[in-house]
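J.: Sequence annotations record features per position, and here Swiss-Prot assigns region 'Pyrophosphorylase' to 1-228. Sequence annotations record features per position, and here Swiss-Prot assigns UDP-N-acetyl-alpha-D-glucosamine binding site to 11-14, Lys25, Gln75, 80-81, 102-104, Gly138, Glu153, Asn168, Asn226, Arg332, Lys350, Tyr365, Asn376. What Swiss-Prot lists as Mg(2+) binding site is Asp104, Asn226. Among the features that Swiss-Prot reports, region 'Linker' is placed at 229-249. Residues or ranges marked as region 'N-acetyltransferase' by Swiss-Prot: 250-456. Residues or ranges marked as active site, proton acceptor by Swiss-Prot: His362. What Swiss-Prot lists as acetyl-CoA binding site is Ala379, Asn385, Tyr386, Ser404, Ala422, Arg439, and the listing cites sequence analysis.
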Amino acid sequence: MPQNTLNIVILAAGKGTRMYSKMPKVLHRIGGKPMLGRVIDTAAALNPQNICVVVGHGKEQVLDTVKRDVVWVEQTEQLGTGHAVKTALPHLAAEGRTLVLYGDVPLIDVETLKTLLEAAGDKVGLLTDVPTDPTGLGRIIRDGNGSVTAIVEEKDASTAQKAVKETNTGILVLPNAKLENWLNSLSSNNAQGEYYLTDLIAKAVSDGIKVRPVRVRASHLAAGVNNKLQLAELERIFQTGQAQELLKAGVTLHDPARFDLRGRLKHGQDVVIDANCIFEGEIELGDNVEIGASCVIKNAKIGANTKIAPFSHLEDCEVGENNRIGPYARLRPQARLADDVHVGNFVEIKNAAIGKGTKANHLTYIGDAEVGSKTNFGAGTIIANYDGVHKHKTVIGNEVRIGSNCVLVAPVTLGNKVTTGAGSAITRNVEDGKLALARARQTVIEGWVRPEKDKQ
């Protein structure tokens with residue numbers, strides 16, 4: 001097998017006690033994606049021969065959530081990082097190299113790993129850091145010539161060793177030809193009673209194998225997550241990076257510190273996004289789209305020149321050009337709006353196609369419907385689409401005028417240019433051009449006197 005064969009082992013077996021969560025630590029999300037999923041994506045971008053993910057705590061939940069084409073290996077006992085890599089040995093090539101990554105180090109990037117792999121060659125590669133606070137981290141020990149000789153975990157470190165600022169990130173490149181022998185010779189005679197992967201550095205030095213350290217260019221790239229505070233810190237770093245990329249690409253963000261993208265955002269020119277907006281899944285924004293404050297948009301395509309007013313929620317929907325949406329509007333899955341549509345405050349649309357120029361400006365529910373062009377919904381219109389068992393469709397033609405406080409009881413069809421009187425409950429089809437009234441006739445009672453309270 002060629003010497004440049006690359007295997008990747010991702011360690012993801014830890015419980016994450018300090019997360020105080022029933023969810024396995026590696027499933028907590030950064031940018032809307034499980035941390036482990038992010039690490040697998042980065043690993044896959046290196047085109048390795050295979051990727052082995054070592055799981056343990058919450059194995060079934062991890063496999064159910066992160067559905068990837070990788071080799072899943074179970075570590076039944078959590079006996080340390082060295083033991084975890086050892087469980088993956090049967091799936092690693094006899095030759096080549098193994099890169100060790102971690103499922104709770106979500107921001108490691110391809111550029112950093114390529115630099116490490118290039119520096120390591122066929123020797124040992126070690127990614128190091130000089131963090132602001134090295135507390136709790138393993139220290140990099142060097143000799144008088146500056147060569148790395150060992151990694152000492154803080155619990156096993158002397159006072160002098162604890163004074164060292166350079167720390168171990170845990171990310172290693174190891175030659176497969178030596179890996180099995182090194183792992184088999186590990187001892188658990190340490191403060192943790194575990195098999196440390198870091199002890200392989202001293203073994204490499206003992207065998208005359210050069211250790212080539214590479215310092216990570218930014219600490220957050222190799223930062224691990226052990227608690228919710230660290231998770232939140234990395235989330236904000238990640239979101240800041242995404243905001244900066246969008247700003248460089250010409251998107252106006254009124255407050256980059258209050259912007260969240262949990263997916264991918266494709267955009268045209270002169271897009272404006274106000275504060276506190278959340279974008280999830282696949283988003284496409286056309287030219288001159290404006291998104292008001294505190295909107296939540298998930299898996300949506302929004303056409304050019306459309307304005308989304310504050311506090312609107314859009315999910316799994318498609319919006320045409322020159323639309324006016326909100327404030328406080330809700331577009332639910334399968335809402336499909338043509339061009340020049342107006343959807344106002346407290347209007348909800350679900351599984352409905354809305355034709356060009358149609359308006360529903362106030363307090364309206366449109367569900368399971370097909371609506372033509374230039375139709376107007378009066379305030380308080382409700383499409384009653386559910387009979388308690390089944391959903392039914394409503395068809396509304398072009399240039400229909402629906403009076404305020406009407407109920408359209410599906411299944412029902414209103415032809416073109418139909419008008420319905422305010423307060424009507426429409427239960428039968430209405431032909432083109434007709435006026436439909438379905439309400440009780442008003443009665444005025446002559447001589448009626450309103451009761452008064454007893455003044456005594």
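Including glycine, each Cβ sits where the backbone N, Cα and C put it.
Since the structure is predicted, the reported quantities are computational estimates derived from the model, not experimental observations.
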J.: Can you grab the distance from Ala422 (acetyl-CoA binding site) over to Asn376 (UDP-N-acetyl-alpha-D-glucosamine binding site)? Cα atoms, rounded to a whole Å.
T.: 13
J.: Using C-alpha positions only, work out which of the binding-site residues Gly14, Arg332, Asn376, Tyr386 is nearest to Asp104 (Mg(2+) binding site).
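T.: That would be Gly14, nearest by Cα distance.
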J.: Round to a whole number and give the Cα-to-Cα distance in Å for the pair Ser404 (acetyl-CoA binding site) and the residue listed as 'active site, proton acceptor'.
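T.: That separation, Cα to Cα, works out to 10 Å.
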J.: Measure from the Cα of Ala379 (acetyl-CoA binding site) to the Cα of every one of the recorded positions Gly80, Gly103, His362, then give the nearest.
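T.: Comparing Cα positions, the closest of these recorded positions turns out to be His362.
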J.: Looking only at Ala379, Asn385, Tyr386, Ser404, Ala422, Arg439, which the record lists for acetyl-CoA, tell me the maximum pairwise CA distance in angstrom.
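T.: About 22 Å separates the two most distant Cα atoms.
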J.: So if I draw a 10 Å sphere around the Cβ of Ala422 (acetyl-CoA binding site), how many other Cβ atoms end up inside it?
T.: 15
J.: Spatially, and counting Cα to Cα, which of the binding-site residues is closest to Tyr386 (acetyl-CoA binding site)? Options: Gly14, Gly80, Glu153, Arg332, Asn376.
T.: Arg332
J.: Cα-Cα, whole number of Å: Arg439 (acetyl-CoA binding site) versus Gly14 (UDP-N-acetyl-alpha-D-glucosamine binding site)?
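T.: Checking the Cα atoms of Arg439 (acetyl-CoA binding site) and Gly14 (UDP-N-acetyl-alpha-D-glucosamine binding site) gives a distance of 66 Å.
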J.: Between the binding-site residues Gly14, Gly80, Asn385, which lies closest to Asn226 (Mg(2+) binding site), Cα to Cα?
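T.: Spatially nearest to Asn226 (Mg(2+) binding site) by Cα position is Gly14.
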J.: Rounded to the nearest angstrom, how far is the Cα of Asn385 (acetyl-CoA binding site) from the Cα of Arg332 (UDP-N-acetyl-alpha-D-glucosamine binding site)?
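T.: About 15 Å separate the Cα atoms of these two residues.
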J.: What's the CA-CA gap between His362 (active site, proton acceptor) and Leu11 (UDP-N-acetyl-alpha-D-glucosamine binding site) in angstrom, rounded?
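T.: It is 53 Å, counting Cα to Cα.
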J.: Let me know how many other Cβ atoms fall within 10 Å of the Cβ of Asn376 (UDP-N-acetyl-alpha-D-glucosamine binding site).
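T.: By my count, 17.
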J.: Can you tell me whether DSSP puts Tyr386 (acetyl-CoA binding site) in helix, strand or coil?
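T.: Looking at the DSSP assignment, Tyr386 (acetyl-CoA binding site) belongs to a strand.
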J.: Could you say which of the binding-site residues Asp104, Glu153 has its Cβ with the most other Cβ atoms inside 10 Å?
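T.: It comes out as Asp104.
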